[in-house]
Amino acid sequence: MFKFAAAVILCLVAASSTLAQHNPHWWGNRNTIVHLFEWKWSDIAAECESFLGPRGFAGVQVSPVNENIISAGRPWWERYQPISYKLVTRSGNEQEFADMVRRCNDVGVRIYVDVLLNHMSGDFDGIAVGTAGSEAEPSKKSYPGVPYSALDFHPTCEITDWNDRFQVQQCELVGLKDLDQSSEWVRSKLIEFLDHLIELGVAGFRVDAAKHMAADDLSYIYSSISDLNIEHGFPHNARPFIFQEVIDHGHETVSREEYNQLGAVTEFRFSEEIGNAFRGNNALKWLQSWGTGWGFLPSGQALTFVDNHDNQRDMGAVLNYKSPKQYKMATAFHLAYPYGISRVMSSFAFDDHDTAPPQDEQERIISPEFDEEGACVNGWICEHRWRQIYAMVGFKNAVRDTELSNWWDNGDNQISFCRGNKGFLAVNNNLYDLSRELQTCLPAGVYCDVISGSLIDGSCTGKSVTVDGNGYGYIHIGSDDFDGVLALHVDARI
């Protein structure tokens, strides 16, 4: 009887722990993460203080923090080829990373690290040198900077059948040396790495290539890492937020459902379907049942995004910054509709899949520069600084914990809906104007459309909408308007 009771208690503790790993530990009503892809730590610290904190962003996903192989031309993907767990990359060193985490936490912006637990680097002729000066022999699976030897890896094999679980989880993803997460030594080094980041004050982790690791092995690792550091403002016994990269199009042998109890999961179907809709391949009217009605994961288990650093580089339905009008409409819908744990992308310009981040002649990443309106100008795209996007982060904060109501559509590509009595969104993706009275659900008053302008010193620099005592307002979105979306909320009342 005692053994049974003890087993039940252990199961309850494990279940409680995994549920806690779905909590992003946001400040107040903040609820949007931004991925500052390839930014330097010092620049992220400054961005937290000058822009992200004041604009109400909840957190930052940062690029991998540990030492990586140096590849010719310095493509972005070299960051995903580790050779040690030393915290030295082109983004900065450990001291700069720790300073960034502290400064961002101080202004209510949490840090989530993109971590590489699945693999080390790919093949390299001879001795490879890393960003911290460590040497490795990838062809021999020798990484003295950890240290790892060939005994710590799965046998070399290629993934040729994505419906073969063994290949997916024990062969080499695009030639990257595949770690054996069932090994006690490998587990100990991964846990040590994650614990060090927790000690420095991070709030959680984006787990790269999670589907290529057995869920049982990840469960062991997650349950073995430390609670968050209370010296950085986290409560006692708080568990790291975990969101896992699991690409599952609905017909995968290794499915997202194997991982969603361990932490949140990247909902790639969201990205694909929202791109289809706003590219005009699917009528917006069907978005009324968006979320679980489309076969997506439960809201609290889904990390949602319009694009990410990988799929924005692929041809297909996924939207990116190169289709700005549709991208801004999709992002507005993403942040207005009550589904998922939202992340927005902040990119650098690219012409091909391998383009390096903006860098100088010595191949050092350069800092973003801004024009007089705050937009980036020197190779950084900085979608998070587009007014239409950061304004919707504010919208999402203003309407947090409200329900969707009063859905309207024209049977095609014009839609609107309310978020409680705090927010209203309208979208026009037709080739003709949207001009009509619509229920906004807002209290009577005059509201600034935060898409076309900003509320500054009591005046709106863009469109304004007068809402009557019954909640109705006249909404106009021309087919040739710069933006095909209009957004009102209670914090933008004139």
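Each residue, glycine too, has its Cβ placed from N, Cα and C.
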With R206, N308 listed by Swiss-Prot as binding chloride, identify the candidate in R239, R269, R343 belonging to that site. R343
For the C-alpha pair, I'd like the distance in angstrom between C376 (disulfide bond) and Q169 (Ca(2+) binding site), rounded off. 40
Among the disulfide-bonded residues listed here, C157, C376, C418, whose Cβ has the fewest other Cβ atoms inside 10 Å? C157
Quick one: which of these disulfide-bonded residues, C171, C418, C448, have their CA within 10 A of D178 (Ca(2+) binding site)? C171
Find, for the listed recorded positions D178, D310, the residue with the lowest Cβ contact count at a 10 Å cut-off, counting only other Cβ atoms. D310
Closest of the recorded positions to R343 (chloride binding site), Cα to Cα, picking from C104, N118, C171, H212, C448? C104
Would you identify the secondary structure of N308 (chloride binding site) according to DSSP, in three states? coil
Could you measure between Q21 (pyrrolidone carboxylic acid) and C48 (disulfide bond) for me? Cα positions, answer in whole angstrom. 24
For N118 (Ca(2+) binding site), find which of the recorded positions C157, R206, D310, C448 come within 10 Å, Cα to Cα. none
